[in-house]
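Here the structure is laid out as structure tokens; the discussion comes afterwards.
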Amino acid sequence: MAPADIGLIGLAVMGKNLVLNMIDHGFAVSVYNRSPEKTEEFLKEHGENISLQGFTAIEEFVQSLKRPRKIMIMIKAGAPVDEMISSLLPFLEEGDILIDGGNSYYLDSERRYIDLKKKGILFVGMGVSGGEEGARKGPSIMPGGNIEAWPVIAPIFQSIAAQVDGQPCCSWIGTGGAGHFVKAVHNGIEYGDIQLICETYEILKSRLDLSLEQIGNIFFEWNQTDLNSYLMGASAAVLTAKDENGVAVASTILDVAGQKGTGRWVAEDAIKAGVPMSLIIESVLARYLSAWKEVRRQAAREFPVASLLYQPSQEASVLIEDAREALYAAKIISYAQGFMLLKQISEERNWDLNLGELALIWRGGCIIQSAFLDKIHQGFESCPDAHSLMLQDYFKNVLLNSETGFRRAILHAVGAGVAIPCLASALAFYDGYRTENSPLFLVQGLRDYFGAHGYERQDRPRGEFYHTDWLGSKNASRM
């Protein structure tokens, strides 16, 4: 059989569907899995395809590939990736390409890029988003690492990626771990999107006593507006789905949300970088809190909702519109925070990320795909140096016009004792971001009082620090 165009290791859901996607686009693929039975099972299902070869010996797998060899690894992140790379190296030659398509931490990808470059192997850390359906029909693909690999692998991955307006949702991101970092931020934004939708659902449920189906239908309507997105449509579908007995499927799901860790990575990276990514952080914490099901059940008995809570008088239609405005405004703020982190890390690592291009890559094939991303692209095109999306004309006007409804929706939630960590965090960030003179002068004054850390003065140039003799003369001296 003729040599294959690409090899793929790891026949879990994503790997299998990527293989089938590649074959559909005319590429011959060799596959390998550490568990031979998975390879054999996959071949039984699809072995009639002349573009597919399966191997149970890694050396034979490597030798089946065209040179330079292109091998995509789709296995669990962490040590398993390093172990797989080590097992491949004895059979590789200079110029061969290794592609890690899993959810690896970007600093691991940086390390692998550097180590493999010394050995003459071209490493690519590739973010792949879209889940099972995206992998099969066209994902959003975020490749980064060794730029020398891109001309060789671009024809494959730009062919299998989602297409929007005739453009592939796949373009080169940057060196080192740039691809995996962008994918992680994508996942963090996804966490925020999902949590905001959940909180909006709870406001409508608690204040208007609407059913799952009624709220699902509202979400279907909102999906025809500026809130149009994969997640809004999926949320509507989940809320309205009924089983064969007519029971709402969502009513049977335990309110304990899992996570794979990428959201936590982004939260930690934001804190290390000094970027106030409050929504993504709150969305991660909300999932941790959800895991305390038994504790929450007990606390619900111990702390019943007070009967004299604030209840603003309002027509249902007005509250529904306020909730929609709050969701859209918070979504803008969440994405603004995500792009702030992308910009900050890009500058620190000299990646020169094209933020407008990233918005285009995410328009199709991925979990956060939405019409909203076109607005982000246009914003960066017209105002590339703006500190935040919030300062770009379109988003600025939306925030100004929706502020009243946003605040009313928050009041409804607080008045009903509804936990809205992300919506509340979004409003707090908005208010803090536009506060010229904040009370944090007191923080720095206290730091100087008990720790002699010094402070900058309003009437002096930035960068000059002073210390006050708080317990003595109260006079300040330059440090």
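Any Cβ shown, glycine's included, is placed from N, Cα and C.
Take the substrate site that Swiss-Prot assigns to N103, S129, G130, G131, H186, N187, Y191, R287, R447, H453: the candidate from K70, K260, K474 listed for it is K260.
Taking CA atoms as the reference points, N33 (NADP(+) binding site) and K183 (active site, proton acceptor) are 24 Å apart. Considering other CB atoms within 10 Å as the measure, the emptiest surroundings among the binding-site residues N33, N103 are those of N103. By neighbour count, meaning other C-beta atoms within 10 Å, the densest spot among the recorded positions K76, K183, H186, R287, H453 is K183.
Checked against Y191 (substrate binding site), the binding-site residues M14, K76, N103 differ in C-alpha distance, with N103 being the nearest. In sequence order, M74, G101, V128, G131, E132, A135 are the residues near M14 (NADP(+) binding site), counting only same-chain partners six or more apart with C-beta under 8 A.
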